[in-house]
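*Asks:* Handing you a structure now.
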Amino acid sequence: MNFQPIDGKKLLAWLQPVLSDIKGKITPNVEMRKVTWFRTGGLAELFYQPADEDDLALFFKVLPEFVPVTIVGIGSNLLVRDGGIPGVVIRLSTKSFGQIKQVSSTRFLVGAATADKHLASAALEAEISGFHFYHGIPGGLGGALKMNAGANGVETAERVVEVYALDRKGERHILNLRDMNYAYRHCNIPEGLVFTAALLEGDVGNKDDIRAAMHEVALHRETVQPIREKTGGSTFRNLEDISAWKVIDEAGCRGLQIGGAQMSEMHCNFMINMGEATGYDLEKLGETVRARVFNHSAHHLEWEIQRIGQFEQDRIVLPFDQFH
């Protein structure tokens, strides 16, 4: 694993001639700990917020293909490693990609930067049912589309009609539900696509029923999840026949702590930053839990939290099955 020094000012100066027509904001050396809900992570070499979809398309057309690109949302399900992220990190702004437009009695056109909870609220006002579960998902639509986010027995795949995206060449794509190849907490699409919006469909409902369903979702989160901590949400995907938290608990990992990172006492499938955790602490804790669960019950936990960026030199976390 080669460590690449982060020098955003140098990269920006080198790219400046091809970026002259870009209207969005490009910032060198952005601290990713200010972006992620874990409040950890190294520097993004360049941090780009496109002005609109045309600006993003142009950016892709002029950016040399060998410059790495990483897409981030609102940072809720994201662990950024301490060595930072080489190349360009792209984050869609809510101003340009956060629209919610009702296009029929049961359909919304929704920007990828829209907060999931705002979509739930819009559906309540429009009396469209089937979106209440987004009230309990601490993320944005782009991440929900990619991860097939769900709660309370409902998944994003059940609401998707079309998804709109751009590729690394700046070409536009429209993907239908079949194209998304959805599975549990996953979609299988071509590498490099960036979601910009989606057409979603619910059902005709009424405010009282929708409000009651949203209240139930909120009450559940409040009761069983450490929502006031610095956390990234569910750490591992549930297994086919058993919840991840159960095998974690049975392996004795509830409350397990490494450095400033801890498996929550309240919900042991949630990692929390106790105050000064590093990305290394969090990822080391996660891999330690995976190893202990495997040793205890032979269950193989898969990460649900997205881990991106590079490790600091001499502070590398190997997947547990490489040191098991």
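Glycine is treated like the rest: Cβ placed from N, Cα and C.
Take a look at what Swiss-Prot says about it:
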ACT_SITE  ARG185  active site
ACT_SITE  SER234  active site, proton donor
ACT_SITE  GLU304  active site
DOMAIN    39-220  domain 'FAD-binding PCMH-type'
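Thinking about packing and proximity, how do these listed features fit into the structure?
*Replies:* Mapped onto three states, the DSSP output places ARG185 (active site) in coil. ARG185 (active site): 19 other CB atoms within 10 A of its CB, across all protein chains.
When secondary structure is read from DSSP and collapsed to three states, SER234 (active site, proton donor) falls in the strand class.
Listed in sequence order, the residues of the same chain lying 6 or more apart from GLU304 (active site) and placing their CB within less than 8 Å of its CB are ASN77, MET147, ARG185, GLY233, SER234, THR235, PHE236, ARG237. According to DSSP, GLU304 (active site) is assigned to coil rather than to any helix or strand.
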*Asks:* Averaged over the domain 'FAD-binding PCMH-type' (39-220), what pLDDT does the prediction give?
*Replies:* 96
